[in-house]
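According to TrEMBL:
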DOMAIN    1-39  domain 'AIMP2 lysyl-tRNA synthetase binding'
DOMAIN    109-199  domain 'AIMP2 thioredoxin-like'
DOMAIN    237-298  domain 'Glutathione S-transferase C-terminal'
Amino acid sequence: MYKVRPLQGAVGALPADQLPTCMYRLPCLHRAAATQEEADPSLQALESRQEEILSRLYELKSAVDGLSKMIQTPDADFDVTNVIQNDECSPLTTNGADLDLMLGKDYGALKDIVINANPCVPPLSLLVLHSLLCEHYKILSAVHTHSSVKSVPEKLLKCFGEQTKKQPRHEYQLGFTLIWKDVPKPQMKFSIQTMCPIEGEGNIARFLFSLFGQKYNAITSTLIDSWVDTAIFQLKEGSSKEKGAVLRSMNAALGKTSWLVGNELTVADVVAWCALQQTGSANAAPSNVQKWMKSCENLAPFSSVIKLLK
């Protein structure tokens with residue numbers, strides 16, 4: 001390391017921190033001149049050259065750092081299967097989550113979920129999720145008919161089965177009321193006044209499934225949402241070409257995992273299975289999809305919908 005020495009002569013002895021910048025950048029500058037005004041033009045050119053070299057070095061360093069980040073960033077088309085499988089997600093159990101924690105404390109009152117649905121297009125996924133919720137919580141279920149509907153098939157009026165046990169209202173954890181009404185799409189209202197109504201079968205299904213307290217990483221959550229939207233807007237409401245494309249995608253996904261996303265049942269499986277039943281595409285489904293459908297049908301919550309479809 002070069003040592004900065006004070007200049008002697010016309011300038012006098014100056015501390016190093018008071019020397020002009022040009023005098024301590026390079027050792028040779030100490031012997032050049034007594035003041036900045038008397039500096040040799042060749043030394044000024046040398047200083048300019050030094051500044052230019054440093055500037056280029058900084059630019060080169062920035063470019064190398066950028067390349068390093070590109071190398072360490074995975075490609076956008078990387079296989080997320082391993083990420084999903086490593087997602088720590090506990091399977092659905094008979095133990096319910098803390099509803100007060102998820103939905104807010106409502107001064108001990110029963111939390112009521114009220115869903116309006118058109119009997120001409122029954123939201124099958126919501127019926128499956130109702131059965132799943134009944135395995136986790138004490139549900140006070142009810143089915144009603146709105147005056148906007150002239151008649152409702154008997155099986156839809158009994159879609160929740162018979163309420164055999166009549167217990168006081170306060171002994172239940174959750175109220176689940178289905179109203180058959182002339183609405184363009186399912187609508188859900190919740191007892192919390194600050195909450196906006198939720199519309200659409202897929203959105204309501206997401207809300208109901210969230211009551212199980214499942215936690216997913218960002219990639220898994222995004223894939224689940226994507227499959228739910230695909231099932232509703234393409235598999236259920238799309239053209240025959242779109243349905244065929246979705247079935248091929250499902251078959252490819254189910255060739256890697258037991259369920260559409262990972263190794264546990266999610267709301268994506270519920271919504272997609274119900275969409276297949278309503279569109280009549282179940283019989284034409286490819287092999288992996290057929291195997292997956294049987295796995296769904298082996299679960300008790302799907303049996304209530306199977307009875308409606310007979």
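Heads up, the Cβ atoms here are built off N, Cα and C, so glycines get one too.
In the predicted structure, the domain 'Glutathione S-transferase C-terminal' (237-298) carries a mean pLDDT of 93. Residue counts for the domain 'AIMP2 thioredoxin-like' (109-199) under DSSP, split into helix (H, G, I), strand (E, B) and coil, are 20 helix, 27 strand, 44 coil. Counting residue by residue with DSSP, the domain 'Glutathione S-transferase C-terminal' (237-298) contains 38 helix, 0 strand, 24 coil.
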